[in-house]
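A short write-up of the structure that comes next.
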Amino acid sequence: MVAGYCRAGQLSAARRLAAAVPVPPNAYTYFPVVRALCARGRIADALAVLDGMPRRGCAPIPPMYHVILEAACRGGGFRSAVRVLGALHDRGCALDAGNCNLVLNAICDQGSVDEAVRLLRNLPSFGCQPDVVSYNAVLKGLCMAKRWGDVEDLMEEMVRVECPPNIVTFNTLIGYLCRNGLFERVHEVIAQMAEHGCTPDIRMYATIIDGVCKEGHLEVAHEILSRMPSYGLKPNVVCYNTMLKGLCSAERWEEAEELLAEMFDKDCPLDDVTFNILVDFFCQNGLVDRVIELLEQMLEHGCMPDVITYTTVINGFCKEGLIDEAVMLLKSMAACGCKPNTISYTIVLKGLCSAERWVDAEELMSQMIRQGCAPNPVTFNTLINFLCKKGMVEQAIELLKQMLVNGCSPDLISYSTVIDGLGKAGKTDEALELLNVMVKKGMSPNTIIYSSIACALSREGRINKVIQMLDSIQDATIRSDAVLYNAVISSLCKRGETDRAIEFLAYMVSSGCMPNESTYTILIRGLASEGFVKEAQEMMSELCSKGALRKHLMQHFGIV
């Protein structure tokens, strides 16, 4: 009954019932209450339940401590968890290393490894001694912080206090060394393993092979793979896949084929990962014919293509311009027991847009929604970008509205693309209206958006409106961004209004934004294009003498 009240969210009723049961309660009477309170982040109330239990003749149990500490780590960060640890100890709770290790891991995951070291040292004050799991948690944190010297010191301490490292310890160290390219240290660590009675396992060798491959030492990686049987270990599919991925990434296909033959010879079955590596390699290199063969081979080997496989192939087809094949494969996925996801649809939609097949894209978008696959901002932005590039701004605005209908909020890219499209279509006032809509929704426009509107206004000769807009910008970072002012100066120069561009330069400086090399480059080009070659030369010479412009640009412009 207590548990039922907790599941129904009626915690007050659950607590009253637990306190009033006519038979002697035990810890399991109160456990559902503690768990429900912790699920809601009510740590103080959970501790209060523990305080009331002795009055009913029952004592708390260790699983309760674990639940409370887990909630403290999740909700209030490691400092809150350490305080709760202290609170439990003060209540006389018999804490064990497992409870403390939970907090240690949380501290390291939050990147506060010094706090973790401090707690490791203080564990005896909580009534428990650190074990190998405690040390491993801190070692992992030190490795993540790239503090190799401290790692070595802690390893020595483990031996000194008779808490010898185990296979997890060495896997952690070797993973760190491989990720940081410290392969010369790997041999030292493997030698230490033998001293502590640990034997390298398959996982460790897979980690080493992966690290060596990522550093580009493929010959060394293959030698390690070949020597594994001499250490009493048979390479598994994970080891082979790691090596295969390295060879494919380096485009060493002949060696990859030899490795595949070796897998067959050594009776190492291929899995989904093996095929996904090959599919990705073929698609990246435009070998779509080989991809179709691979999909057939997957079925022969008892492997079912998953959504990653299909999406990779679809992407390969689109890159090669085989849009019809991509659409066909997308539609056949469901028949093969694999439901397309948002990424699959988005890739095909992008392909259709690239092929200027807007009607087909609209139809596919509708099908996507009918199939219960919700479009995300990337999906909508792909179509919006295409429409704006083609000058179909009204349709783009309609899509912006559809985003909200489909539970998808337009993001900065959505607004930026449409505002730019409106500006280029000469609909600057509509662009300004959309800017206001965006601001009212609590979104902060960026330099790109302001530059688009400023360029559009400049093209229409509305410089006063540009200045009015710039004066209204509150963000100091945007106000001091030369890119924004350069966009206006460039637009004026293209209109043949270099004199106004020079006036705008004065406004730029008065606004606290200093011109950069691009600013001067735009102005010099503008002067030269209007026939003021002498003025352009003089300006360039003066700027070069002051170090504001590099001298080699004089020849680049071809006006000296």
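Numbering starts at 1 and runs along the chain as it is shown here.
Glycine residues also receive a Cβ, built from the backbone N, Cα and C atoms like all the rest.
What TrEMBL says about this protein:
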REPEAT    26-60  repeat 'PPR'
REPEAT    96-130  repeat 'PPR'
REPEAT    131-165  repeat 'PPR'
REPEAT    166-200  repeat 'PPR'
REPEAT    201-235  repeat 'PPR'
REPEAT    236-270  repeat 'PPR'
REPEAT    271-305  repeat 'PPR'
REPEAT    306-340  repeat 'PPR'
REPEAT    341-375  repeat 'PPR'
REPEAT    376-410  repeat 'PPR'
REPEAT    481-515  repeat 'PPR'
REPEAT    516-550  repeat 'PPR'
Handout entry: the repeat 'PPR' (131-165) - residue tally per DSSP class, helix then strand then coil
Key = 26 helix, 0 strand, 9 coil
Exercise for the section: Mind checking which residues of the chain, 6+ beyond the ends of the repeat 'PPR' (271-305), have their Cβ under 8 Å from one of its Cβ atoms? Expected result: 237-238, 240-241, 244-245, 248, 251, 253, 256, 263, 312-313, 315-317, 319-320, 322, 325, 336-338
Handout entry: Non-local residues, at least 6 beyond the ends, that sit with Cβ under 8 Å of the repeat 'PPR' (26-60)
Key = 2-3, 6-7, 9, 11, 14-15, 18-19, 67-68, 70-72, 75-76, 80, 84, 87-88, 91, 93
